[in-house]
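Asker: This is the structure I want to talk about, given as structure tokens.
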């Protein structure tokens with residue numbers, strides 16, 4: 001999926017509002033995913049998955065940092081996310097559907113925290129962005 005110039009502008013503007021909260025939003029999205037889609041917990045058997053756990057917060061920061069990296073490289077997502085794609089495909093072997101589930105939870109989290117900025121156009125752009133990130137992360141599964 002190709003991001004238009006308007007999509008890129010919307011994604012950058014929305015992510016600038018996230019600011020230093022990317023890790024917190026990432027952790028909240030993970031908690032939403034674990035609650036809404038309990039089968040996703042199987043990838044984290046060694047984690048304390050309780051609300052506010054240090055392990056979920058740490059992984060949320062990794063998610064937030066990866067998305068911040070992606071926002072900074074909208075014109076070369078495959079290059080920017082290559083190592084992360086390798087990790088998830090070859091070492092962690094995460095089922096690709098889980099990226100879609102996390103994307104859904106990220107959109108929900110952003111909508112809750114950025115209600116005035118989460119317009120239909122921004123929602124659509126963020127959805128396209130997260131879909132593109134998911135596609136890149138699963139590209140090495142083949």
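Numbering starts at 1 and runs along the chain as it is shown here.
Cβ from N, Cα, C; glycine included.
Among the features that Swiss-Prot reports, O2 binding site is placed at 59. The heme b binding site feature in Swiss-Prot is assigned to 88; the stated evidence is sequence analysis. Among the features that Swiss-Prot reports, domain 'Globin' is placed at 2-142. Positions annotated as N6-succinyllysine by Swiss-Prot: 8, 12, 17, 41. Positions annotated as phosphothreonine by Swiss-Prot: 9, 109, 135, 138. What Swiss-Prot lists as N6-acetyllysine is 17, and the listing cites similarity to another entry. The phosphoserine annotation in Swiss-Prot covers 50, 103, 125 (among others).
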Asker: Which residue counts does DSSP give the domain 'Globin' (2-142) for helix, strand and coil?
Answerer: 111 helix, 0 strand, 30 coil
Asker: Taking only the Cα atoms, work out how far residue 125 (phosphoserine) lies from residue 109 (phosphothreonine), in Å, as a whole number.
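Answerer: The Cα atom of residue 125 (phosphoserine) is 15 Å away from the Cα atom of residue 109 (phosphothreonine).
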Asker: Counting other Cβ atoms within 10 Å of each residue's Cβ, which of the modified residues 109, 125, 138 comes out lowest?
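Answerer: Sparsest of the modified residues 109, 125, 138 by Cβ contacts within 10 Å: 138.
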Asker: Can you tell which of the recorded positions 50, 59, 88 lies nearest to residue 138 (phosphothreonine) in space, using Cα positions?
Answerer: 88
Asker: At the Cα level, what's the spacing in Å between residue 8 (N6-succinyllysine) and residue 103 (phosphoserine), rounded?
Answerer: 17
Asker: Let me know the model's mean pLDDT on the domain 'Globin' (2-142).
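Answerer: Summing pLDDT over the domain 'Globin' (2-142) and dividing by its length gives 94.
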Asker: Please name which of the recorded positions listed here, 41, 59, 88, 103, is nearest in space to residue 109 (phosphothreonine), Cα against Cα.
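Answerer: Going through 41, 59, 88, 103 one by one, the Cα closest to that of residue 109 (phosphothreonine) is 103.
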Asker: Going by C-alpha distance, which of the recorded positions 41, 59, 88 is nearest to residue 17 (N6-succinyllysine)?
Answerer: 59
Asker: Mind telling me which of the modified residues 9, 103 has the densest Cβ neighbourhood, counting other Cβ atoms within 10 Å?
Answerer: 103
Asker: Select the closest residue to residue 103 (phosphoserine) from the following recorded positions, measuring between CA atoms: 9, 41, 88, 135.
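Answerer: Spatially nearest to residue 103 (phosphoserine) by Cα position is 135.
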